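Down below is the structure, laid out as structure tokens.
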Amino acid sequence: MEAFGMDTALIGGGICHFLSRKLLLWQLIRNKTCRGISLRTQELFLIIYIFRYLDLLYLYVSLASTVIKVLHLLVALSIVLLMRYSPAASSYDADLDTFPSTVLIVPCLVLALFLNRVNLVIEICHSFSVYLEVLALIPQMVLMYKREAYEGWVLAFTLLAGSERLLQTVAVLTDWTDSVKEDPYSVLADLVHAVVLGVGLVLLLWQRLQVRKAQGLNESGAPLPTFDEVWDASKFKFEEQEAQRGGQAAPGAAAPAALNK
């Protein structure tokens, strides 16, 4: 059970974080695209790192720790700026990325005020970042669900970003007793994160199966018509039938008139 400890989880999480951000930055800079990526999720990640690393202002642990924290902040800020102002911004799905961030931020802030280890401002800020990280991927998964079709790298980024904390959850489960004694609120957040990620991935998988099933029913291989297209076609057909009936009724009405003469 000790084979997968917290140190291993932190290393694995760091690798997942590095790969996910490298993949996203590559797409933003090299391919100039962010199609399928939620800007709201990236802004939430930036907020998370700002509140989590406030200790940079007054506490020095080591050079390595400081460098890693600063890099986290700079990379998160760079991604947000690139998605907003670089050429890749033209591919941003703003019409689909509509999940309100305040719905996630406000409850996490309230929880942090009451569920924290020490009632200090810095501890409340850290707890807020922990709780918000649990929900940060929700806008990303909602955007993917609305979009239905997205490239493989978008799914890879989402999985890597979610696995970063999921590995920590696995480490907690392997050392449950000590983890609960040390920080029960963080353990609860880890479990909720696992549930959120699992439910989101199941919904995306179910949707993908439904889309493929619908495409299989469309034997021509052409895109399936939308509801508006079907409605317009039905309306046109109805009007055409009414016109034909009116044309057939006109000769019948003329016959009695001829007999009266």
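Using N, Cα and C of the backbone, Cβ positions are placed for all residues, glycine too.
Because TrEMBL annotations are produced automatically, they should be read as predictions rather than curated entries.
The compositional bias 'Low complexity' annotation in TrEMBL covers 244-261. Feature annotation from TrEMBL assigns region 'Disordered' to 240-261. The transmembrane segment annotation in TrEMBL covers 67-86, 98-116, 128-145, 185-206.
Distant neighbours of the transmembrane segment (128-145): 36-38, 40-41, 44-45, 47-49, 51-52, 93, 96-97, 99, 101, 104-105, 107-109, 111-112, 115, 154-155, 158, 161-162, 165, 185-186, 189, 192-193, 196-197, 200-201, 203-204, 207; these residues of the same chain sit at least 6 beyond its ends, with a Cβ under 8 Å from one of its Cβ atoms.
Listed by sequence, the residues of this chain that lie at least six past the ends of the transmembrane segment (185-206) yet keep a Cβ under 8 A from its Cβ atoms are 115-117, 127, 130-131, 133-135, 137-138, 141, 144-145, 155, 159, 162, 165-166, 168-169, 172, 176, 179.
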